[in-house]
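Engineer: From TrEMBL, here are the annotated features:
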DOMAIN    2-104  domain 'SecD export protein N-terminal TM'
DOMAIN    231-288  domain 'Protein translocase subunit SecDF P1'
DOMAIN    304-434  domain 'SecDF P1 head subdomain'
DOMAIN    439-605  domain 'Protein export membrane protein SecD/SecF C-terminal'
TRANSMEM  455-473  transmembrane segment
TRANSMEM  480-500  transmembrane segment
TRANSMEM  506-527  transmembrane segment
TRANSMEM  548-573  transmembrane segment
TRANSMEM  579-607  transmembrane segment
Amino acid sequence: MLNKYPLWKNLVILVALVIGFIYALPNLFPDDYAIQITGARSSTEVNASVLDRAVKALESEGINVKSSTLQDRDALIRLTSADDQLQARPVVQSALGRDYLVALNMAPSTPEWLKSLGAGPMKLGLDLRGGVHFLLEVDMDTAVNQRLEALASQIKGDLREERIRYRGGDVEGQREIVLSFRDEDARAEAFDLIRGQYNQFLMDERTVEDVRQIVLSLSEAEVKSIQEYALEQNLTTIRNRVNELGVAEPLVQRQGADRIIVELPGVQDTAQAKRVLGATANLEFRMEARQDASAGEVETFGFRDNPQRTARLEKDIITTGNNVSNAQQAFDENGQPQVNITMDSVGGDQMNRATRNAIGRRMAVLFIEFRTDTEDRMVDGEMTTVEKRVVEKGIISLATVQSALGSSFRITGLDSIPEAAELALLLRAGALAAPMYFVQERTIGPSLGQQNIDAGMMSVALGFALVLAYMLVYYRGFGLIANVSLTLNLMLLVACMSILSATLTLPGIAGIVLTVGMAVDANVLIFERIREELRAGVPPQSAINSGYSRAFVSIFDANITTLLVAVILFAMGSGPVKGFAVTLCLGILTSMFSGLMVSRSIVNLVYGGRKIEKLSIGGKLANV
């Protein structure tokens, strides 16, 4: 029988629409502006009395509280607007004191029954939700130099283990390590050892003023490998730090050979985000130099809490923060802050090898920080603010080795609880393989984000309304069917984006508007084909069947070519282009489903399986 779907096909379409409705529904429940209260220490409890103090402080300032709830280890206070949120934070922080941390947040308002089904609203991008955009540049020269320093220390350790005597080993320039020896036999043994274990170097021998040397040079391929590793490691570390910050739907992606883009939607405390993301805090563990050590083997550093006090340390590094697998802030027996550190197997072995023969000597923990400062300079007769890159190294601990250390130990001598907590956070999240500097910073306020949402929704609504009106006037009854199909298409698109956790951006809204137009194209092609069949004297039922079957090829070809373009945009583009491409890809798929399957199913339900004399499809020959 013409124009009659089997029951199973109607059920499949119905199930798809029901699932789409359920997973699109959470988008009707927007996130609430909120503040989150947590303890500054793991031992600090956030209880009902703490929450009550916070709520009373807000009410006394005339800030309307939507709701307040206690969660597992924190409390959440929902507010009515972004302005209230910004005003609430200092009020609550002042009321609770330094024992508690107050952070700005966005709290989902999705009903529990939808959450239990795994349904949630679409994520909003930076341009819609507000937040902060950073562009960071990785210092590749320092990355190569740090790797050379580590390799030099490792090679010298191997030479000592093999009892091969050397006079010195230093990094010269950006890509060379120069090892000096007293005699030819020692140099020959060292040459064979290094050649067998360190194939990343180009090796050469030379003699300078009776000093026999081995020159180790990094190849271009190895330099690129180090730089690539530094960028990838920094990407991973930044992602971990963003996770530690608790930011929802962040964007961390590579740009070019040495830059990283970080977008943090919803973040309004940009100073805290910038401090945690840009902190190139790392640790080096070194032994205190012996009294008889030569000047070339020693470096002098001040203490971080008292720069006037100094200590002489060996240049050789035992291990670094790169080998830290876990770090937790805690307290020692005197109640002072400390950080408990667990090393990975490599770091644990290096620590054990260095300390088992150094019992009674002192080992230093050197804290290293790269940062960007600004200073005012006179340039061409004008006072200009210039960024200056600063490296600070300070000793935070100098303690006697009581026994051979392994994978677990602790760092003391920290000034405060926040300092210990932040050091633990940075070490736990991972050390940066190379320092990074902020090249660009841009903040989008929540009010501007809301304006973008309003403008975007207005464009979708206006375009949608015009299309609905045109289809209804021009195609009458079939236009009404097309409008129902178009509405369901929009619902399915929103559902797909929610299920896939796709991020909706302003270009994504443009993709939705384009999808609406493309979805109508399919219906227009089908309806015009039906009209042509009617003009040719074909009976209505046959005209409907021919219209859908003959228009299928044209619709399929047009959508597939557009889909290929969207896939290329997604693969080659970044940021806003990707957002547009994702929306367009999903929109094409849902448009084909709604235009070819859903609208046909509705037409079949209205006209199929019975004798009809005319079709409500507009045009002069509509009633043939």
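Residue 1 is the first one shown; counting continues down the chain.
From the backbone N, Cα and C atoms, a Cβ is placed for every residue, glycine too.
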Engineer: Using a Cβ cut-off of under 8 Å, list the residues of the same chain at least 6 residues beyond the transmembrane segment (506-527) that approach it.
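Structural biologist: For the transmembrane segment (506-527), the nonlocal Cβ contacts are 125, 127-128, 452, 456-457, 459-460, 463-464, 467, 471, 475, 478, 482, 485-486, 489-490, 493, 547-548, 551, 554-555, 558-559, 562, 576-577, 579-584, 587-588, 590-592, 594-596, 599, 617.
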Engineer: Give me the stretch from 455-473, 548-573, 579-607 with the greatest number of Cβ pairs under 8 Å to the transmembrane segment (480-500).
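Structural biologist: Maximum Cβ contact count belongs to 579-607.
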Engineer: Helix, strand, coil: count each for the residues of the domain 'SecD export protein N-terminal TM' (2-104), based on DSSP.
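Structural biologist: DSSP composition of the domain 'SecD export protein N-terminal TM' (2-104): 50 helix, 25 strand, 28 coil.
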Engineer: Check the domain 'Protein translocase subunit SecDF P1' (231-288) for me and report the mean pLDDT.
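Structural biologist: Reported value for the domain 'Protein translocase subunit SecDF P1' (231-288) is a mean pLDDT of 75.
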